[in-house]
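Asker: Structure provided below as structure tokens; questions to follow.
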Amino acid sequence: MAPKFEWWAKGNNNNNNRKGTPVVVKMENPNNWSMVELESPSHDDFLLRTHEKSRNKNARQLTWVLLLKAHRAAGCLTSLGSALIALGTAVRRRIAAGRTDTEISSSSGLQKQNPAKKSKLFYSCLKVFLWLSLILLGFEIAAYFKGWHFGTSKLQLQFIFNKGFFDWVYTRWVLLRVEYLAPPLQFLANGCIVLFLVQSLDRLILCLGCFWIRFKKIKPVPKPDSISDLESGDNGAFLPMVLVQIPMCNEKEVYQQSIAAVCNLDWPKGKILIQILDDSDDPITQSLIKEEVHKWQNQGARIVYRHRVNREGYKAGNLKSAMNCSYVKDYEFVAIFDADFQPLPDFLKKTIPHFKDNEELGLVQARWSFVNKEENLLTRLQNINLAFHFEVEQQVNSVFLNFFGFNGTAGVWRIKALEDSGGWLERTTVEDMDIAVRAHLHGWKFIFLNDVECQCELPESYEAYRKQQHRWHSGPMQLFRLCLPAVIKSKISIGKKFNLIFLFFLLRKLILPFYSFTLFCIILPMTMFVPEAELPAWVVCYIPATMSFLNILPAPKSFPFIVPYLLFENTMSVTKFNAMVSGLFQLGSAYEWVVTKKSGRSSEGDLAALVEKDEKKTKHQRGVSAPETEAEKKAEKTKKKKKKKHNRIYMKELSLAFLLLTAATRSLLSAQGIHFYFLLFQGISFLLVGLDLIGEQVE
């Protein structure tokens, strides 16, 4: 039996675990040798060596990190340089093209309603302010080099008795400012500050209300039996007759998506009817939409096509005409979707159950979501605004007041509520807000569903967004003039009257654009040339930054854009102010109805695949060698002849840009830090928007 050497293995392992004593053998010759035992290194020596190695390693890592950051910085500088070059090229191309908004409006035939003259008056006033500021800036620069110090608050008396002509003129100018210009300017500034604080308080209360809703997890919930009946398919389930309407006008980019979406709504086919309400004046678009309707009819969908020869009343007239059909009396509810909206199949199953056993409920409104919210800077900034509108304004008003403005689409109305409120009226360009206010005065309640979304598009070009905002801000002022007597005479409570008149109309529709434009675009630049009237730093910086922070909370991914958002909102104030004035005083441009241009971007989900599948199916049914329809042939021809899109120069925004930059230069002479930076960046923002560099760029 072989001997076991387990003891040797154990001993060897123990020796391996211990640190041995180093030995040096000295040999002078083979017969004379000696062993010298060296002192073994201590534990501290090992730690010291390890520390030195790690320090060297850390130093190398730090060097690599610094080199990597330097490389990234160089890359950023390179990309920044290329971006500046591209920006300069775009500016040069825009100026060389010379396409301005004034030329386009005069050549588009809108002069029949004469809005161009009203717009020119506003533009002329801005030009007067600009030229006056340039003259005053030159005067102030000359005074600066003459020795006048702008930082002192008191008048320098040594210059009053100076016999120089320039000093005498400048002294009279200073006295004129002190005695006649500064008091009314300061009074106007204080008034705007008060309005600003009131509106900021309203915004803060809305945010607190939204926080309370989230904290308490408050949301509208339909009766459990209605949901269970729908899911189980019970014969006694709440499945009323539903009418679905899609009003559209020359929207060939999106008609297929919206028709496909509503035809795939999950609702019994015998209890739903889809109306395609086409106001298109383009025969090719009419043919395309009609063919799409026929395609879905052949697939079993209950869908009808209606076309009006006369576009009287625009969208309101279109909806009113459709509601006059004899078969509408068989339906209890109507769901309305604009041409670019794509409801999910379960939309009706999430909205209709709220009406069961709730006879006072007149409207269920769903939230919008956007398929192109990250397309460019303009769409990102719009997403911030609309996220706050739905998450905060609509939800808070729904929970605490049972009233909010109907958004015109992605909502379900009880037809009885529409009829009781007088139906659709063509008296304003905001027919959705009009019917909501009249329904509220008749005692109907509204519900907003923040968790039910309907996909749609945001305007990608500044031109389309500008026209949309003009309609959205002129229409409420038209409606305010028309419905104010009815609100006062109505039988609703005093609290609801106060909310409707002061909060809904005056504060959020009139005061907001008024003080935003007047305070930051007119009064602030004027205080640079009349320094005796002052705006505190907290008005210019701190409160606007706080309000922008609150606005951006519902869209937390947009926090990097908080500064552009603040500047852009002030930039849009010129359009909103102009629209508000035109609506309030019945100017011609208040009655313009321009359909917002769509790009035809489909949703990322199953809808695009569904449309593609249907297209393949119809092509297969026709056969491979089957000729194209006449509508398709015409559409192909018109694509080649299609009008090219162009970026434009917006003269009002450019005038305000130079006005603010001129005031920033004057502020720099006075060493006013926060005012200078605000005016500088706000002026640059107006400049970028005026040159149409913020939205879609057409090569």
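Cβ coordinates come from backbone N, Cα and C, glycine included.
Just so you know, TrEMBL annotations never went through curation; they're auto-generated.
Since this is a predicted model, take the numbers as computed values, not measurements.
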Asker: According to TrEMBL, which stretch among 69-88, 649-668 corresponds to the feature transmembrane segment?
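Answerer: Within the set 69-88, 649-668, TrEMBL attaches transmembrane segment to 649-668.
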Asker: For the transmembrane segment (187-213), could you work out the same-chain residues 6 or more beyond its ends whose Cβ comes under 8 Å from its Cβ atoms?
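Answerer: Long-range Cβ neighbours of the transmembrane segment (187-213): 219, 391-393, 395-396, 399-400, 503, 507-508, 511-512, 514-515, 518-519, 523, 527, 533-535, 539, 543, 546-547, 550-551, 553-554.
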Asker: Apart from its near flanks, which chain residues at least 6 from the ends of the transmembrane segment (674-694) lie with a Cβ under 8 angstroms of it?
Answerer: 87, 90-91, 94-95, 376-378, 462-463, 520, 524-525, 527-528, 535, 537, 540-541, 563-564, 567-568, 570-571, 647-654, 656-661, 663-664, 667-668
Asker: The domain 'Glycosyltransferase 2-like' (334-543): mean pLDDT?
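Answerer: Mean model confidence (pLDDT) across the domain 'Glycosyltransferase 2-like' (334-543) is 94.
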